C-alpha cells in the first residue's frame with residue numbers, strides 16, 4: 001500500500017491541477033487576511049460573532065477569518081478528488097493498479113489517505129499563508145506563538161478530516177454510479193443539502209452529518225467539549241462504513 | 001518437465017440471463033504462447049478479465065503458479081486488457097516511472113531498457129495522449145512487462161496497428177517469449193497474426209472452449225507442410241528422417257507430407273537427389289487458421 005501512496009503522490013506532483021489548487025489556497029487566504037474579509041458559504045451568525053472586523057486584526061484573527069472562510073475549500077479541493085480517484089477511472093488506469101498486486105481494500109484506503117494527506121497539507125499552507133500575510137502587514141500575534149501554531153495544526157487536521165469524510169462518501173458514489181461527474185456533484189451538493197435540510201426540516205440529528213459546519217465549529221470552539229466526541233465518533237463511523245461499503249462494491253464490480 | 005503457469009478450471013460467468021462463459025477449462029504451460037480465438041462477444045475478454053480479477057469470479061477456479069489466484073499472485077502477471085491504459089498527461093517515461101514505484105522497482109535503468117525494448121526511445125518525453133495508437137499499444141506493453149511478469153495477458157494487442165506495426169509487434173512478442181521466457185495468453189480476431197505467434201490455440205464459441213490444439217496438430221489437421229512426390233517413398237522417408245528430423249506422414253506410394261513449412265525446399269531437394277531419389281514435385285500445402293476456424297465453427301453450427 002505504501003507503494004501505491006508513493007505512486008499517487010508522484011503522479012499528483014506531475015499534475016498541473018494540484019499546483020493550481022495550491023495557488024488558490026494561498027491566494028484565497030492572502031486576500032482574506034490582507035483585506036480583513038470573511039468569504040465562503042454557510043457562515044452562521046454565531047460563528048461570525050467570533051470576529052470583530054472593526055478592530056485591527058491580529059494573526060489570530062486572521063486564522064479565525066481563514067477558518068470561517070474555509071467552507072469554500074471543500075469546493076476548491078474537489079480537484080484533489082478528481083485527480084486522485086477520478087483520473088484512475090476516466091483514464092482506466094485502475095486496470096494497471098488493480099493488477100499490480102494491491103488488494104481492493106488497500107486501493108480504497110490508499111486513495112482515501114492520499115486525499116486526506118493532500119487536504120491536510122493544503123489546509124496547513126492555507127493557514128500558514130494567513131500567518132505570513134499578517135506578518136507582512138506587521139500585525140501582532142494576538143496570542144502566544146505556541147497557541148497559534150497549535151490552533152493552525154488542530155484546525156488543519158479537523159478540516160482535513162471532515163472534508164475527507166465527504167470525499168470518502170464521494171468515492172462510494174463514484175463506484176456505485178461509475179461516474180466521476182456524479183461523485184463530484186455529490187461533493188458540491190452534500191454540504192449544501194445537509195445544511196438546508198437541517199435548517200428547513202429542523203432535524204436536529206442532521207447536525208452530526210453537517211461535516212463541514214462541524215469542522216468550522218470545532219475549530220472555532222463553538223461545540224461544547226461534552227458533545228465533541230459525539231460529532232467525531234459519528235463521522236468516524238460514517239467514514240468506516242463508507243470504506244467498508246466501497247470495498248464491498250469494488251470487489252463485486254465489473255471493472 | 002513442463003510447468004503449469006495458469007490453470008483455469010470450470011469457470012462460468014453470467015451477466016443476468018446471458019451466459020458469457022460456460023464451464024471453460026484450460027492450462028498454460030511455461031513458454032506457451034496461447035492464442036484465444038473467437039468472434040466478437042465469444043468470451044475471450046471476459047476470460048482475461050476473470051483471470052486478472054477485473055471481473056469477480058463466482059463459478060470455477062483459477063490457479064496461478066499452483067495457488068488460487070489472488071492479489072499476491074497477480075504480482076507475477078502483466079496485462080493489457082481491452083485498451084492500453086496510461087495517464088494521458090504524463091510522458092512515456094513518467095508513466096513507466098509510476099509503474100516502477102507501484103511495483104517497487106528501484107532500478108531506473110530498467111525503464112530505459114524497456115522503453116528501448118518496445119521501440120519508444122524517441123517518444124520518451126512525449127505525453128501519452130499524443131502517442132499514435134500503435135505507440136500507445138507499445139506503451140501498454142511496456143507497462144505490462146516492466147515488472148518482468150511470468151505471465152503476460154494481451155487482449156487484442158494488434159487492433160488498430162498498421163501492417164509494419166503488426167510485424168514489429170509480432171517480433172516483440174516472440175522476443176519476449178524467447179528472451180525473457182514470458183508465457184503469453186493472447187487474443188485476437190486477426191487469425192493470420194495469431195497463427196504466426198502462437199504455439200497453442202483455444203477456440204471459444206458462445207462462451208465455450210470448443211477445441212484446444214497445438215500449432216503442430218493444427219498444421220497436421222490442416223495438412224499444412226511440404227508435399228513431396230518421389231519415385232521411392234521409403235528411401236526418401238529415410239533421408240528426411242536422418243537429415244532433417246522433421247515429422248512427416250507417408251501419404252501413399254508416391255507422396256510424403258512433411259509437417260513443417262520451415263524446412264528449406266532447395267536443401268531437401270538436393271539431399272534427396274544426392275541420395276539417388278528422383279523428385280517429381282515439391283509443393284507447399286498451406287491451409288490457414290481461418291480455414292480451420294471456419295470449418296470448426298461451421299461444423300458446430302450445422303450440428
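Here the Cβ of each residue, glycine as well, is placed from N, Cα and C on the backbone.
Unlike curated records, TrEMBL annotations are generated automatically.
Keep in mind the model is a prediction, meaning the values are calculated, not measured.
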TrEMBL annotation of transmembrane segment - which of the ranges A:44-66, A:228-250 it falls on: A:228-250
Recorded stretch, among A:12-32, A:72-90, A:184-208, A:228-250, maximising Cβ pairs under 8 Å relative to the transmembrane segment (A:157-177): A:228-250
For the transmembrane segment (A:72-90), sequence-distant contacts whose Cβ falls under 8 Å of one of its Cβ atoms, 6 or more beyond its ends: 8, 11-12, 15, 17-18, 20-21, 24-25, 28, 39-41, 97, 111, 114-115, 118-119, 122-123, 126, 159, 163, 166-167, 170-171, 174, 178, 180, 183-184, 187-188, 191, 212
Stretch among A:111-137, A:184-208, A:228-250 sharing the most Cβ pairs under 8 Å with the transmembrane segment (A:12-32): A:111-137
